[in-house]
Structure formats: structure tokens, C-alpha cells
Amino acid sequence: MREVISIHVGQAGIQVGNACWELFCLEHGIQPDGQMPSNKTIGGGDDAFNTFFSETGTGKHVPRCVFLDLGPTVIDEVRTGTYRQLFHPEQLISGKEDAANNFARGHYTIGKEIVDLCLDGIRKLADQCTGLQGFLVFNSVGGGTGSGLGSLLLERLSVDYGKKSKLGFTIYPSPQVSTAVVEPYNSVLSTHSLLEHTDVAVMLDNEAVYDICRRNLDIERPTYTNLNRLIAQVISSLTASLRFDGALNVDVTEFQTNLVPYPRIHFMLSSAPVISAEKAYHEQLSVAEITNSAFEPASMMAKCDPRHGKYMACCLMYRGDVVPKDVNAAVATIKTKRTIQFVDWCPTGFKCGINYQPPTVVPSGDLAKVMRAVCMISNSTAIAEVFSRIDHKFDLMYAKRAFVHWYVGEGMEEGEFSEAREDLAALEKDYEEVGIETAEGEGEEEGME
């Protein structure tokens, strides 16, 4: 088997995790207590879902995941929630006091005490796997636990499981909506280690997902549950090819190979065109239509405009009633569009996956039941907008050394701030250079080598 272990760190990671496992269980016909009634087996005896679930002797299916948090409150909700019987108690690891939005507490003082417990939990899961392909890490970089403990854990995973790929689903601070004053600090400090210790990071941001909920799903006042369910749909589409059999299946390492041209350029934009139940009642969208809308700025899950940048590569994951012929036609149309620009050194740029399992919807959820859907992750130079926004906010605060004493008091050194900030400045520069036309600069290149 090619198993994948999911790691949910901090409040955002855990709540997105809840939405994901709720959806995965529905997709595979697994009940909240982990039982899978034999008559409900979708796809007739397809066991590909074992990449995400392990089966116990009593026929119970347990998610291959751990939930980690420094404070007890969020994990207690899982312990008492609908899916409490799904998880083994050892998979839910929580501490006594939280990181208080402080990267240094999550990474140094408090995180250090709990990280070995976490790694033991992960080791137990890894030992049950026959061919572990890698890890999915869910966290946000604005808070203290997701950023601090999240990056500490990634660093330790690199040491313990060097060759295994690590995919991050990372919630970045939004341009307008903020949940903490020190978000820019936490984000810059933790992106510093995301650069080093993840192979692919998919960027999500709440504001962009809010807008999708409001605009496409007509939800006037979206809650976090609405947001997380939408994010779960994207993650489900990306991982569907690991959990179901399909025509063009995509492995975790395949994402890496096709999307990452240079090791540092691995921050992805994701997009998922969704429509509300009311709209779907009147129209079924064709493959060409959903493909076009995947490239619309309005479908992007992070606040940045892909028209301001160039695409290096993109991965289109279709599910449901889709055949390769339609996909090829849709992609050919995209290539002729002037608004969608690719860098000139990457002429093909498309990787497609097709999965015959149509999207499942959560009962009483907001999404329509549709025949076919697409989800795209793309590597675009436009993502640099996200970094420059955070860097700018970081600079404003750091110029006055505002709030820095909280970090230094937890054992950080001021030098780490400037080191992380310089690393991000270099990253912005990298993105700029990748997007520059190569044809013009050929003469200069030789001088530089």
C-alpha cells in the first residue's frame, strides 16, 4: 500500500482536519464509529481507501492521522464530537497551556515538551504502514501552535523520515481579515522553515474562501464550518486519486515532480470552482466550463491575482463524469487564451488526473451535488503577492521592534527575525527571476555563470 499520514497541528489544522475526515468517511461509506457496513462499500471491494484508513481486527477503520495542539480546548471538541469513536485516544495529543499566538512558545518553550509525544504517535502510525509515501501537514501560520509547533514538527520529520515527501496545507493570514496582531511575525518565522522542510505547500487563506462562500455559494455570513468544508472538498479532490481507483491516478510524489521546478519555488495556489445547490438545479457544467472557471481569479483559494503572474505548471484533478478527450479539448482551449500566461521555459505545463468517483457532499452542507468537478493546484509567480503583503506588515512592526519582547522572552534571539525576513526577501526575488523572460537575457546569462 502507499499510505499517507495526516498531521493536524493547532486550531486551524484540527478544524480543517475535522471537516476532511467527515468528508472522507462519507465518501467511503464509513460510519462515525469507524464501521463500514458491507452493503455500502462503494466501488465494490476497492481497497484504495486504506491509504488513509487502517483497519483493526474488529473491522473498524481508523484514520491514519494525529491531531496535535498545545492547549486542550480544541482537541476536547474532537474527543466529544460526532466522530469521537473514529479516532484512537492516542491520536489526539494535547498539552496543558496553549501557545498564546506566540511562535516562540510553539517552537521553543512549550512545543519542545510535547514534540516527542507527537513523534511517538506518528512513529506508531508509520509502523503500521507497509509503504508510507509521505505526510500531509495541516496548519495555519498566523497563530502560535500551527506556526511554531508546526515548523518544529516539520524539522523533526525531515530528520526522522528524510526521504518521505511532505505536503503542507497551510492557512495564510488574509489581507483584510486578521485574527491576531502578531500574525506577520508568526508567518514569516514559520515560512522560513516551510521553505526548508516541505516539498509542496498549498496556500489557503480565509478571506479568499469567505469570498467564494459568499459569491459562489450565496452564504451571507459564512462560518468557519462553511470555510472548512469548502477547504475539505479541495483536499478531497487532491487526495481522491490516492483513495479511489481512477483512469489517471496521481501519487503524492507526482505532485512534486510536476509542480516544483526549483526546490524553493513550491508554494501552490489552489482553486476549486463550486456552485450552490440552487444554481446546480438549473445547470450542469461541462468539462470545458469547469476548467475555465478553475482559472478564474474568483475561484482561487488564496488572495492573489494569477493574471499578475505567470504559471509554471498546473495540476488539474477531475472527478466524476469526465473523459480524457474532454479534458484534452478543455486544456487546448486554455492554452490559446491570452489571459492565462505560462513562463516561456515551460511550454506544456499541464498535469491532469481523472477520478471516476463523483464529488460527495456533506448532508445539510452548502455545496451542490454535481456530476463532475475539478480542482486545480498551480504554481504561479503571482503567489509572491502573498509573501510581499506579509513582509510589508512584518517590516512595519519590526522597524519599531513592537511585540518582539514576547518572543525573546521565550528563548528566541532577535537575529532569527532578521534571518527569516531575509530568507523571505530572497524568496520574493526567486519568484521574480523565475517569471522573467529567458529569451532576452541570454547574453547576460553566460557572464553570470
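For all residues, glycine too, the Cβ spot is worked out from N, Cα and C.
What Swiss-Prot says about this protein:
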type	residues	note
ACT_SITE	E254	active site
BINDING	Q11, S140, G144, T145, T179, N206, N228	GTP binding site
MOD_RES	K40	N6-acetyllysine
Residue pair S140 (GTP binding site), E254 (active site) - Cα distance, angstrom, rounded: 24
Structural state of S140 (GTP binding site), classified by DSSP into three states: strand
Neighbour-count leader, CB within 10 A, recorded positions: Q11, S140, T179, E254: S140
Residue among binding-site residues T145, N206, N228 with least C-beta crowding, 10 angstrom cut-off: N228
Protein Cβ atoms within 10 Å of G144 (GTP binding site), excluding its own: 29
E254 (active site) versus N228 (GTP binding site) - Cα distance in angstrom: 26
